[in-house]
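Copied over from Swiss-Prot, here are the features:
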BINDING   Cys16, Cys18, Cys38, Cys41  Zn(2+) binding site
Amino acid sequence: MKPNSHPEYVTTEVACSCGNTFTTRSTAKGGSIHVETCSACHPFYTGKQRVLDTAGRVAKFQQKYAKVQAKKGK
């Protein structure tokens, strides 16, 4: 095996945009990683799921293209 073929595996601080931080090990250089979501703020882990208003989106679509159909019918 070649010497020095594996990257250095160091302790790394992970910081989330919500303010949560934790320590893990990684090959990332610099010793710190910044993430947008983590298990403390992600809806899957917290149980706070957002409901998308799909009915409103469909109504907007139909309203938008009803105008096009009205023009074609003239």
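Every residue gets a Cβ built from N, Cα and C, even glycine.
Surrounding the centroid of the Cβ atoms of Cys16, Cys18, Cys38, Cys41, where the record places Zn(2+), the chain contributes additional residues within 8 Å, namely Ser17, Gly19, Asn20, Val35, Glu36, Thr37, Ser39, Ala40, His42. Look at the binding-site residues Cys16, Cys18, Cys38, Cys41 and count other Cβ atoms within 10 Å of each Cβ; Cys18 has the fewest.
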